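Here TrEMBL flags Glu1279 as active site, proton acceptor. Summarising the annotation, TrEMBL assigns [2Fe-2S] cluster 1 binding site to Cys54, Cys59, Cys62, Cys84. Annotated [2Fe-2S] cluster 2 binding site per TrEMBL: Cys124, Cys127, Cys159, Cys161, in sequence order. Residues annotated as FAD binding site in TrEMBL: Ile275, Val276, Thr277, Gly278, Asn279, Thr280, Glu281, Val282, Phe355, Asp378, Leu422, Lys440. Annotated Mo-molybdopterin binding site per TrEMBL: Gln785, Phe816, Arg930, Ala1097, in sequence order. Look at TrEMBL and you will find Glu820, Arg898, Phe932, Thr1028 tagged as substrate binding site. Taken from TrEMBL, the feature domain '2Fe-2S ferredoxin-type' applies to 15-102. The domain 'FAD-binding PCMH-type' annotation in TrEMBL covers 247-432.
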Amino acid sequence: MNMTGTGNGTVNGSDDLIFFVNGKKIVEKNADPEMNLLTYLRRKLHLTGTKLGCAEGGCGACTVMLSRYQTHTQQLIHHAVNACLAPLCSLHLVAVTTVEGIGSVARKLHPVQERIAKSHGSQCGFCTPGIVMSMYALLRTNPTPSMADMEEAFQGNLCRCTGYRPILEGYKTFTVEGGCCGGRGRDNGCCMTNGNAHEETSEENADSSSSLFNAADFEPFDPTQEVIFPPELMSLSKGQRSSSLCFHSDRVAWMQPDSLNEFLQLKWKHPEARIVTGNTEVGIEMKFKNMLYPVILAPTFIPELNAVTHTKDGVVFGAACTLSHMGAVLREAVATLPPHQTEVFLAVLEQLRWFAGQQIRNVAAVGGNIMTASPISDLNPVFMAAGCKLTLMDKDGSRVVQMDDKFFPGYRKTVLRPQEILLSVEIPYSKKSQFVSAFKQSPRREDDISIVTAAMSVTFTPGTDSVEDLKLSYGGMAPTTVLAKKTASKVLGRRWGEELLEEVCTSLAEEMTLDPSVPGGMVTYRRTLTLSLFYKFYLTVLQKLQQQGVGVEEVGSDCVSATEIYHPETPTSVQIYQAVPEGRSQDDVVGRPVMHLSAMKQATGEAVYCDDVPLYENELYLSLITSSKAHAHILSIDTAAAQSMPGVVSFLFADDIPGSNSTGPIAYDETVLADRQVTCVGHIIGAVVADTQLNAQRAAKAVKIQYEELQPIVTIQEAIAAQSFYQPIRTIQRGDLEAGFKQADHILEGEMHIGGQEHFYLETNVSLAVPRGEDGEMELFVSTQSAAKTQSLVAKALGVPANRVVVRVKRMGGGFGGKESRTTVLSTVVAVAANKLNRPVRCMLDRDEDMLITGGRHPFYGKYKVGFMNSGKVVALDVSYYSNTGNSMDLSLSIMERALFHMDNSYNVPNIRGRGSICRTNLPSNTAFRGFGGPQGMMIAESWMMDVAQSLGRPAEEVRRLNLYMQGDSTPFNQILDQFTVDRCWDECLARSDYEKRRAAIELYNRQNRWTKRGLAVIPTKFGISFTAVFLNQAGALVHIYTDGSVLLTHGGTEMGQGLHTKMVQVASRVLNVSSSKIHISETSTNTVPNTSPTAASASSDLNGAAVQNACEILAERLQPYRSKNPKGSWEDWVRAAYFDRVNLSANGFYKTPDLGYDFETNSGRAFNYFSYGVACSEVEIDCLTGAHKNLSTTIVMDVGHSLNPAIDIGQVEGGFMQGLGLFTLEELHYSPRGVLLTRGPGSYKIPAFGDIPTQLTVSLLRDAPHDKAIFASKAVGEPPLFLASSVFFAIKDAISAARAESGITGPFRLDSPASAERIRNACSDRFTKLCPPAESGTFIPWSVQV
């Protein structure tokens, strides 16, 4: 290799890698080709602001900005990328900007950081740095973006806490639509009213407020003040004579040739080498498929591979052109060329809109997309249908091939010879009589992997509707991208009309078949899509022929909506809450929308999460060894190969545990490490401890385990058949069932399955254990909701008393119940390793490990029999619940109890019986998740409620209203409902959502449209607040006042983004009557407040708030004499006086919820301290042909008493709602029939993204809500709002009913949750579904099963 220019050779034959990070020059002498930028930033440079969320480029937590000077255009290029996929070696002469580089709390925040914090767009804060950097990179490229630009920039970023609305709201102020109006007032008043000035209706009270932040407080944004591109890097870039580079490690050589010729020579010499441009595919293979590529060629900067040339036939793109660049070029072509020439370009652009996220499109190359040869590629069907020409080359010359069905001879194979490379792809102009469309159907619209993709091209004899050529290309229907040739050949020369449509559909149904066991499943849906998508194309072409004046059948006005291309509308929102009464002191912050205390630190990346704690000097890293079988005996474990791998220090198995190997949050029915038997895939068998994460993970994968397999029980139905249940089976019964059913005019039976849900906290489980070297002491830093439980289980495993173990929790990057009990499966193992080696040991699970091991929300199956009158009044209900518990009890009994406590939702059923069975299966133990069984219980209730309405043919909301509880009614568990507000919430929700008008508009819309339907639903919720285990309803607090007047507050709750610490400071500030700026909360730890309950059950503000109040009242009382003596003095004066008077300035507080204790045997006693109430109304639109849906509007009215902090509470309502939206419409866990989890990351498991927010979202906190059971008349808000998202599910069900009515089907029907695109499409029975009947169950082994 030539060593000229910047490639200065060093001893090992590696060149120097020169790049800049935040303006600082870095010369890396030994760049490791296998290291990514994220690891380098976090571990080598100790810049921990950039976070690891998924390691597959699917969540955006690791977003950074890369800038480089392009010599040929003499321009600076800035773009956002995923640091987790960016190879370190690709960064030669690049400037990297991380979140730390643009601002800090001490220096000054950048406006991008300040605005997300002040607009309440950061809750747990783990995703915040990535979102900040996506926005920052957008502003560096385009200082005045539109809302659409911003929404596109966020396609690759996920957030699990906020529900996205506040992030868009805060960042809208940077956009053309949201900038200052200069007092001229946009559509509805000055822009300062938050972009959503709420038109006050006359009857609304004047103290209603609808602004949670004031944009006038924001620092102005001045694009000229940005950090400059390093001048030294500019001169290096301009002065570099092009040179090739080479970087070596023990395993891999990375070669970056500088000319096409050298590249071809290298490929000839190393035909097996992988070519890497964006590393968005190879990076994933190396990480998740353990691929090792000894030679990597990086041709990113070879001019010929980046060239774009316009020819007479089309546009030729070099194979290394990024998808972003290709999109920009094609958009420009569409804007300048005559429309008939750009049909193919538009089809490519349509696919690019939904292709991954911006961070991936910025680096992924078009050539890589073709060569990966993915069967579900979004672009390859377009290239195939358009017959794109590909230029292939080796050192002896080039050849041109057309992309057709022969280009991909087999799964992930192309016709290229090993020595050949793909030089360029030509995308042709379309002809005047040619029409092209592209389609993509995926579970979520943005940044998602397709289920089926298609591209269709038809060419007519000019001036007629006679088909000259038809190409139908599909992805997702075979191991390769395919052309439906048989079908196409049948219709040549035929006229484009109804007959042709019939023939194509019948023929496609025969040609596009799938084996019923095909990977990816959804067989009926995929087959139906091939027809439905062709029908859309058929209608679109009819319309275009009509526009050209060709005489064809008219497209009926009711079918037009089937041809519309989806364009997202910018969401609008209103938030309404009761403002603090006039005249209250500014220092009293209770009830004000105070910003989250850590928001600023989170936005600058300075907030410290568990894995951000600096490395200890002799620290080691642990990686888990887990079972690959669902149920088996372990025959042998062979660590020989792993032992010899670099960096390995030790192994850990059951025999190494000094204390007890039995563990579990309530019953000790689990093991720390598996002992001779495994009971689920992901069961922890042992661990490897090594010097680095990479070495530990490699060694763990090299451990060989031999099993004797046993038959697993995977699904609820299998458990019922085998009678595999944990005891006890719970029952709640009231009234006389038999009499109730006798009295009923009608009786119906039904059933429903509710799928599970992965927590997907952005920060995976992480533990750091530091042995203290004496008396068996150990300190643990853990991301957990349950410090006390972690302490006791670690002590048990180590065989020491709990007073030797300290657990410290600063903050979590999200919890949602997933860190209530399951964190201990990791922390006990890490602690045992640290104890064995007497060195600090750390482990942060990768996303795929976390999803595999830690369990999620319980899948539920409900069967019901309901008796009701002609009026719709329900008089009797018999319901049975079954939950898929997994391989241990965990908290499943309490979860089932809560499901039974919520089986009535908000409806008064006089005669009722509920039974709950918890199924023992060979899945990882399922656990707490926001709602804790409540949502599953209420979901079944709403299912029978809708069945009743549909069987009577009455409006569902009328039947729901008729059955609602009233003040003073009693629940099935004999608790009287006082201060009941569901009826008030209901009426306000109908008024705010304009329900009657909406319903009428929907009926009209559905009459006018055949293939899109709208639906509407109103759903109430009543959620009991208290731990159902009485002893947990207690909390402690410890408050110190120091002599300088500062206050240190600690309490038993942990901060996971829900704003608990912020609320506790507000409470302390009011009780002590001192400014909140003087109060600090450092962390939650077991040595300050002992025996704490987990931060869960929505009760943490109630419990800890009352304990803080108690401690602060004691202190206020002690200070009172000094206040009276010196009324004009300052807080500091009083504190000092008390100190010199030897008064104790430290107090601990305690609280327990009074009068609780329900007994299942007698069905008596108070189960809950009180209830939180809410009602939501949602409208949706479904596409009956594809099953896709749009969330058009949602109105939520929530009773949270007197809110302690409306900004945080509305954030909880919106965040909970969006999580529920995921549960009920989007998120699906797929398990194989042998119990293997198939969805292990954001690539295959889809949580809601920015584009899933309802287009109109109104959240109103009920005003003047009476409440006296909790701190300062506030109410719990964490879990109650989640179930309101079922209003979207039932609106979808309403829309499906309208679609079924078109096919003459009426009455109740079963729709399981989630209402995925597949379930929606299959439920809308029509002429296309009839052509694709499902295979008979039992005749094949499915890819995944409903657990």
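If you go along the chain as it appears here, the first residue is 1 and each next one adds 1.
Glycine is no exception: its Cβ is also placed from the backbone N, Cα and C atoms.
In TrEMBL, annotation is done automatically, which means it is predicted and not curated.
Residue counts for the domain '2Fe-2S ferredoxin-type' (15-102) under DSSP, split into helix (H, G, I), strand (E, B) and coil, are 15 helix, 32 strand, 41 coil. Sitting within 8 Å of the Cβ centre of Cys124, Cys127, Cys159, Cys161, and not among those site residues for [2Fe-2S] cluster 2, are the Cβ atoms of Ser122, Gln123, Gly125, Phe126, Thr128, Arg160, Thr162, Leu762, Gly813, Gly814, Gly1057. Look at the Cβ of each of the binding-site residues Thr277, Gln785, Thr1028 and count the other Cβ atoms within 10 Å; the largest number goes with Gln785.
Rounded to a whole value, the Cα-Cα separation of Cys159 ([2Fe-2S] cluster 2 binding site) and Ile275 (FAD binding site) is 33 Å. Summarising the environment of Glu281 (FAD binding site), the number of other Cβ atoms within 10 Å of its Cβ, over all protein chains shown, is 19. In this structure, the C-alpha atom of Thr1028 (substrate binding site) lies 9 angstrom from that of Ala1097 (Mo-molybdopterin binding site).
Local packing around the Cβ, expressed as the count of other Cβ atoms within 10 angstroms, is greatest for Cys159 among the binding-site residues Cys54, Cys62, Cys159, Ile275, Leu422. Per-residue pLDDT, averaged over the domain '2Fe-2S ferredoxin-type' (15-102), rounds to 97. Of the chain residues outside the substrate site list Glu820, Arg898, Phe932, Thr1028, Leu891, Ser894, Ile895, Glu897, Ala928, Gly933, Gly934, Phe1027, Ala1096, Ala1097 have their Cβ within 8 Å of the site's Cβ mean position. Counting every protein chain shown, 30 other Cβ atoms lie within 10 Å of the Cβ of Cys161 ([2Fe-2S] cluster 2 binding site). Those same-chain residues not listed among Gln785, Phe816, Arg930, Ala1097 yet with C-beta within 8 angstroms of the centroid of the Mo-molybdopterin site C-beta atoms are Gly815, Gly817, Gly818, Glu820, Ala928, Phe929, Phe932, Met1056, Thr1095, Ala1096, Ser1098, Gly1278, Glu1279. Cα proximity to Phe932 (substrate binding site) (within 10 Å) is found for the following recorded positions from Cys84, Ile275, Glu281, Ala1097, Glu1279: Ala1097, Glu1279.
Surrounding the centroid of the Cβ atoms of Cys54, Cys59, Cys62, Cys84, where the record places [2Fe-2S] cluster 1, the chain contributes additional residues within 8 Å, namely Leu38, Lys51, Leu52, Gly53, Ala55, Glu56, Gly57, Gly58, Gly60, Ala61, Asn82, Ala83, Gly130, Arg847, Pro1242. If you take the Cα of Ala1097 (Mo-molybdopterin binding site) and the Cα of Asn279 (FAD binding site), they are about 43 angstrom apart, rounded to a whole number. There are 31 other Cβ atoms within 10 Å of the Cβ belonging to Cys59 ([2Fe-2S] cluster 1 binding site). Ranked by how many other Cβ atoms sit within 10 Å of their Cβ, the recorded positions Glu820, Glu1279 place Glu820 at the bottom. Cα-Cα distance from Gln785 (Mo-molybdopterin binding site) to Glu820 (substrate binding site): 5 Å (rounded to the nearest whole number). Of Ile275, Glu281, Phe355, all annotated as binding-site residues, the residue with the shortest Cα distance to Arg898 (substrate binding site) is Phe355. When the C-alpha distances from Cys62 ([2Fe-2S] cluster 1 binding site) to the recorded positions Cys127, Thr277, Asn279, Phe355, Glu1279 are tabulated, the minimum falls on Cys127.
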